[in-house]
Structure formats: C-alpha cells, structure tokens
Amino acid sequence: MDMLLFFILGLLVHFVFFGSIFDIYFTSPLVHGMTPQFTPLPPPAKRLVLFVADGLRADALYEFDENGNPRAPFIRNIIMHEGSWGISHTRVPTESRPGHVALIAGFYEDVSAVAKGWKENPVGFDSLINESKYTWSWGSPDILTMFAKGVGGDHIYTYSYDAESEDFGAHDVTKLDTWVFDHVKEFFHAARNNQSLFSKVNEEKIVFFLHLLGIDTNGHAHRPTSREYKDNIKVVDDGIKEIVSMLEHFYGNDGKTAFIFTSDHGMTDWGFHGAGHPSETLTPFVTWGAGIKYPQKVSVQKFDDAFLKEWKLENWKRQDIHQADVAPLMASLIGVPFPLNSVGILPIDYLNNTDLFRAESMFTNAMQILEQFKVKMTQKKEAILPFFFIPFKLLSESKQLNILRKARSYIKQRKYDEAVSLCKELIHLALKGLSYYHTYDRFFLGVNVVLGFVGWTSYASLLIIKSHSNLTRGVSKEVKKPSHLLACSFIALGVLVAFFLLIQDCPWTYYVYCLLPIPIWYAVLREFRVIQDFVLSLLTFPPSQLVARLFIFTLGIEVLVLSFFYRYTLTAGLVAFACWPFITQLRTRAKSISLSWIFFSLLLAVFPLMPVVGRKPDIFLVMGAGLLVLLLSLCVVTSLLKRKDHFINEELLLHLVQMLSIVLSMYVVYTTHDSLLKKQGLPLFNQIISWITLASSFVLPLLSPTSLFERLFSILLSSMSAYLLLSTGYEALFPLVLSCLMFVWIQVEQETLRQPSVSYKQKVTSLQFTCSPDITQFRQLYLDDVRRAFFLVFFLVTAFFGTGNIASINSFDLASVYCFLTVFSPFMMGALMMWKILIPFVLVMCAFEAVQLTTQLSSKRLFLMVLIISDIMALHFFFLVKDDGSWLDIGTRFSLPVTCFFFSSCSISHYVIVMSMTIVLVFLNGLAHLLTTKKLELCGKPKSHLI
C-alpha cells in the first residue's frame, strides 16, 4: 500500500477511534416526552429569589476573617436566626454553565456542551425558569441567555452587562455585582410606577435570579486567598442584605418569598476551577423565607470533618445536598412542575411544611424521575429486537406499580415517613435504571472499537515487518493475491453486520464502529505469510534474549502509561535515560557528549517534581529564563563569528532581531505584571507587541540558514520569545532545558551510527536540512530504532506533563495569557494556552527532524512505530475510561483523602491526549518540516549556505 494512502487511512481510523469515546461514554443523558409532575397542594411561597455567587467557595463564606468577625455577617445571621444551611456538593466539570444547569434544571451536564464553550445549549432541556410563570434575571450574558434561548413564550426577561465588562485586569471587578444590585433596585422602583409590571411581579410562581460574577472574576485575577476576593464576598453580603430588605418592604412582609443563596462552583487556591478538588466541589447553600425550616440547634452533627469547628457552626444543624437537588426544592417551594430532566432528589429536611406536603412532594419527585425511566426504557426497547432486549430487572413494571400503590396508600393512611421512604427507594431504582439503559450499548460498541484498535495496531506492525525491516527476508515483498474464500467471507460478514444494525434502526456511527474492524482484519489476515515468517524469525532468537527484549518493551509502555497518573514516573524515566551511556559504548566513545546527556537529562528530571498546580506566579523566574536565553544567544553568535570566515550581515541581523524580541518579551511580561498589580489593566502597547511577537515567531526561523545548528537555534529563540509571554513562573525555563537535551540527543543518535573512520566534526558542519531528502540514503529499520521511537514518545509525554497538568481543566492558569488579553474569551484564551502547550512539542519534533537526518531514517517508517506505541497506550486508557467522577488528577494526586474517589474515574483526558497525540503529530511533523527546511529570501537575494 502506498505510504501516503496508508497515513490518510490511518488518520481517518484514528478520528473514528477518537470520536468513539464520546459516543460510548458521553452521549447526552436527556430524554423527551415526559409528562410534567407537580405537587397538588398549595405551595408555601409565591415567589423565589435565587442568588448565585459565581466561584464562591464554602469555606470562604462561612469562615471568620483575620479579626475574628464573620466574613459575611448577614448570611451568618440568616444561618443562626432565620433559615437552614449546608454544603452543596457539585460535580465535575466545575464550570459555570454545568453548575447553573444542575442548579436550575436539576441534571448534570454532559460533555457535549464543552464544544459550545459551556454557553450554548447542545440539546434542549427543561428548567425551573422555563416552568415558572415569569422570571427576571440579572447578571452575566454567558449564563442568562442559555436559560432564555429556545424557550417558547415571553415570560423570561434578562438584563445583562456587556461581555467586555468581564475583564480580569479591571481596576474593580466588584462592579459586576454592584451592577446587578443597582439594576434590581431600579427594576422594583420602576415597578411601582408601571401597573403592568407591578401586576406581573405580584403573580404567583415567579422567580428572580441574580447571577453575581464578581467573586469568580476576582478569584481568577487575584486568587481566592487575596484581599480582593474576600472583600468581594463582603460586597455580595451587603448587596443581598439590601435586596432582601427592599423585597420585604415591596411585598409588605407578606411572608411569601423564599430565598436561596448558593454558588455554581468553588475555586482552587491558584484561582481556577473545572475539576474535582474539594475547594471546587464544596459550595455554600443557605436558604430562608417561605417554606424553609428555621435554624435547628443540635449537640451532635452527622458530619465528621473539621469544617464545623473552623466555621464555629457546630451547634447549628448542617444539611448537605447535591447540587441537582436544588432544582426540585425550588420547584416545590413555588409549586411549579419539577424540571422534566431533573435527577435531583428533593431535600425534604429543608421544608417547613406539613408532613402531607412533604410526602406529596416526594411522591411527585419519584413520579417525575420514574417518567424519565419509562421513556428511556421504551426508546431502547423499540430500537432492539425483542429476543435481544434485556430489561432492567430491579424495576419491573409490576414493581413500579406496587411501590406507587403502597406509597399512595401510606399517604392516605397518614404514614408519611413510610411513604417518603418508599418514594426514595423508587427514585434510587429509577436512577439506576436510567443509567442502565443509557449505557445499554456500551459493551457492544466497546468490543467493536477494541477489535478495530487491535486490528489496526497489528496491521501497522505487519507493514513495518514486511516493508521496512529485515525480519522477513524469506518472504517476497510483493503482495500475493489472497484467496477468494477469505474475501468472500469478510464481505458476507460485513453484509450480515450491516443488516443486523439496519433492522435495529441504529445510528450511522454504529455502522462505522462495527464495520470498520472488518476490512482492517481482512488486511491483517491476507498477510498470513508475513505473520508465519515473522514467527519463524522470532524462534531463531535465544528465548532469554527474546523474553528480555519483550519485557523491556512492555516495561517502557507501562512507564509511559504510569506517567499519566504519576508525574514523578517521568523523573524516574529521565534518570534512567541519564544512566543509558553507562550500558553502551557512548561513555568511552564520546565522553563530553555523554556528560552533557547525563547533565541535561537530570536537569530536565527536576521539572516533573515541581508543583503542577497551585504555584504562585514568579516573574523573576521568567526574567531569569529570558536572561539565560540572551546569554546563550551571545555565546552562539560569538561561536559562529569565530567559526565562519565571513558572517553574512543578514544572518547577524536576524540573530540580533531575535535577541531584541526576547528583550521585548521580558519587558512586556514585567510591565504587564506590574500594571495588573496596580489594577491599571493591560497596556495597549504591550498587547500589540505580544501579538506581533507571537506572529513573528512563525516567520523569523524561516529567514535563518538551513544548516542544522543555526536553524534549530533560530527556532528556539523565536519559540522562547512567545513562550516567555505565556509564562508565569518556573515553566519559562522548561523549553530551554528541553532544547539543550534535544540538541545533545541529536549528537547522541549520530554517535550511535558513527563509523570510526568518519570525522564527527565534519559531519556536524556539513549537515543541512533539505526539502527533498535523498531517499536512497534511507536505511531499513533495526531494533535500535524502536528505542528511538520510544525516546520520541517519552519526550513528547514529558513535553505534555513536564510543567503542568494539562489533562485537568483546573490546571490552566488564565494569568498565562494576560500579556495578550484580559477580557474573558474562552476560545481565544484556550487557543493561546494550547499554543503554549504545543511549543515544547514543536521543539521536540524539530529535533527529531534532525535525528532522522543524522541517522538516515525515514520519518514515515519511524512514525509507524510511534503510531503503534501510542495506540497501545490508548488501548490501556480505553479500558479505564469512566463517565463519573472527576476529570482531575491526570498527573498528580492531592494529599487529601477525599480526592481518591475522584482520582479513580478520570481517564477520559488520558485517552483523548494519547489519541490526539497521533493526530496532532501529523500536523506537528509537517510544521517541524516546514520550520526546518523552508528558507525565505528577503529583497530577492539568492539563497546562501556557508559550510
């Protein structure tokens, strides 16, 4: 098969494997067609006021300040005299949109929403706001619009500030909250003079939603431990006090208003969120007013943690809930139907009402969740052949009716506690059944994807053995015509599978996953002669040697896999790399190179031991990295001036321009940091210089000579000028150390193939990158090339995890992009942070271009081995993927025991990274080839190479 065609097919296959994880594990859990359910008794409240303080941690609200006073005195007074309180436990991803969906709609967002930036609605869903008679909301446009968009009628009114107001570099971001409070006051003032509006706000089943973004913005900009974050809590507390007082006065203290104060998610100490650390998942929940129990003094709490004592609330009953439980609570308070897609369980211990009302509300909750179960079961049953359908046995139709009859009977007999208990049992069974039917096809699809994985890896291995190695010398390289029986058998199998899927009305993606393994395995089995000859070749090896090599290869793969869980595994691997010259002839043949390899391997091994997240910005380390690059540049320019008889003015000018770019980057980083500390915002000049530097980093290397050393050094200088702008601390040193090790690696690989009669110095000075390499110089693959492929994959993984836990949402530091923009823009910020991640990748791939040149190795052949290694790793993670728990802890474990639960369910990021690695490597390989071989000429001057 032509190699170009093979790589195109390989990309398509890996795109399928990449997408399969979302079809198998992360499809939308929502169903439609349920009947609305609501409590048939009069509700305790006519109106609900929902305050959501975005990004507020539970401990930040409940704790005392440095002077021993409550940080939020009004909320503290509510807890002690008027209402009930607890902790709302959120789920990952702890982002604003999923958190608000859980609060207001009662279900946990699926992963498909991330493609919309957590803003737009990937699927339609019902919510408390939709079920209300009228809803007025104030706050961020990102949050308010998602509950109003696509909703029929004109009963939802939103008031939001401009998106540009969400500026992390603004002088005072508490204005985001004061804007909300001021506009709410203006609204009710206007209602007094507008009869139509006055009548609407006096209706029943209405909601007022106040989204308060200032705390979250201050947390990102200054960290949750900052004075700005804590002062913003006080601003919110004062604002809520004023709004509550105004509303009570407006409604004449009628006692028909219910208040809820909570947060969508918390925030880590380093100012980010998205994963499952307790600081992100533990949020405050305080409620008071109509239908809510008054404070309850207790001597013993059921929670065994230190929070109660720290917050001095050990004598006030704490009632924790899950975030999705808030939606049914709010629906019960104002008497609207429970949101159709809600999976929340009504926390009846918060309700201050009759036992009948509590029992009826719980019965309504059970019916609402059971409706979802019935619709899900019917949909799955209709899509599967009757003799293949396996129902959820724990909740048969007869059991449903039996529980409902018993619960209704208990309510009539006034056995309310028994009725509530039965309803809770029914809810738990229905939720298990929902999960059962939602994952019904998971095993079937998983088996097909695994078959495709194994088949593709086998075929790639056979292609290497057959066409690029000497392991099958006895077999003709020409493809022999396969037997018609084999072809007909696979065609018949394909037709049978397609017919099976057709009669079950399966989605088109099922055809892809189920039919793809068939041609792949046909391609494998038609190479039976190659397999046979390869097995015979293996038998010629001494068994001990064969087992030893297989063990080393397996150990290497497992080390790569473990590095995704334990970052210090990379340190162990780099230490092992440092010891490598001692078991080869390198130590005696090239002592200086060996010492350099050992030194830079050990130096790079330090980075995985550094803190992943939670590090404090250290601008002086960034400045230090810039100074080291400048010092190295001076040494290199001096060396080139001494080495060459004449140094072209254009080359010298280019080096000076790149050094100036480094100086400008240092200036921009320092002055931007200083300006933001003074709350003066991002200077326009700095912003312009940053974008120009980023753009020029792609162009300047193309102006340098194509000699190996000069081109690679030019790429390093341009990359560092951009990387410094994206750095906040020690990570600024990482590309420099990595590049030094990469250059030594080039020399090491050259030494492993060097003949004693060839001068090493002459080879270095004569190496040139070229667009059209001489394919006659390429050699066959040897076993040592497996090591080179492993080195490449290991260095790429190190580039991923060397300075940060990129697999976790909360490890990204928004401060990294403050030299470019400070106004919240998720896709632009994400793109900049992604480029920061890719810069070390580009450096590794450019070095590998040189390794291929020095070892006379075809990149396509080596890429096949990299493909196999990454596919074996991906297969590991495919079996570990789960759809619950956290997306955190990809590179490290926190010391808190509570995070162990989250750690056990986090491997989607692993799988996505490994699959992306294969796909992105094709792009990076092309980019590295462009950066190393292309030469731009200025003013039409001819190309000049000096040797």
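Every residue, even glycine, has its Cβ placed from backbone N, Cα and C.
Just so you know, TrEMBL annotations are computer predictions that nobody has curated.
Look at TrEMBL and you will find 432-886 tagged as domain 'GPI ethanolamine phosphate transferase 1 C-terminal'. For 443-465, 485-502, 508-525, 595-613, 619-641, 653-672, 684-703, 732-748, 789-807, 827-850, 862-881, 901-924, the entry in TrEMBL reads transmembrane segment.
Packing against the transmembrane segment (619-641) from elsewhere in the chain are residues 647, 651-652, 655, 658-659, 662-663, 665-666, 669-670, 673, 710, 713, 716-717, 720, 724, 727-730, 732-733, 736: each is 6 or more residues past its ends and has a CB under 8 Å from a CB in it. By the Cβ criterion (under 8 Å, sequence separation of 6 or more), the transmembrane segment (653-672) is in contact with the transmembrane segment (684-703), since 3+ such pairs are found. Among 443-465, 508-525, 595-613, 684-703, 732-748, 508-525 has the largest number of CB pairs under 8 A with the transmembrane segment (485-502). Below 8 A, the CB atoms of the transmembrane segment (443-465) and the transmembrane segment (827-850) form no more than two pairs separated by six or more positions in the chain, fewer than 3 in all.
Here the transmembrane segment (508-525) has Cβ contacts under 8 Å with residues 13, 16, 19-20, 23, 441, 445, 448-449, 451-452, 455-456, 458-459, 462, 486-487, 490, 493-494, 497-498, 501 of the same chain, all six or more residues outside its ends. Over the domain 'GPI ethanolamine phosphate transferase 1 C-terminal' (432-886), the average per-residue pLDDT in this prediction is 83.
Same-chain residues lying 6+ beyond the ends of the transmembrane segment (684-703) with a Cβ under 8 Å from its Cβ atoms: 650, 654, 657-658, 661, 664-665, 668, 671-672, 675, 711, 714-715, 717-719, 721-722, 725, 819-821, 835, 930-931, 934-936, 938. Outside the transmembrane segment (827-850) by six or more residues, the chain places 117, 694, 708, 712, 715-716, 719, 722-723, 726-727, 734-735, 738-739, 742-743, 745-746, 767, 769, 792, 795-796, 799-800, 802, 804, 806, 812, 814, 816-817, 820-821, 859, 920-921, 924-925, 927-929, 931-933 with a CB less than 8 A from a CB of the stretch. With a cut-off of 8 Å between Cβ atoms, the residues of this chain six or more beyond the transmembrane segment (732-748) that come close are 586, 590, 593-594, 596-597, 600-601, 603-604, 607, 621-622, 624-626, 628-629, 632, 708-709, 712, 716, 719-720, 723-724, 764, 791, 795, 798-799, 802-803, 839-840, 843-844, 846-847, 850-851, 854.
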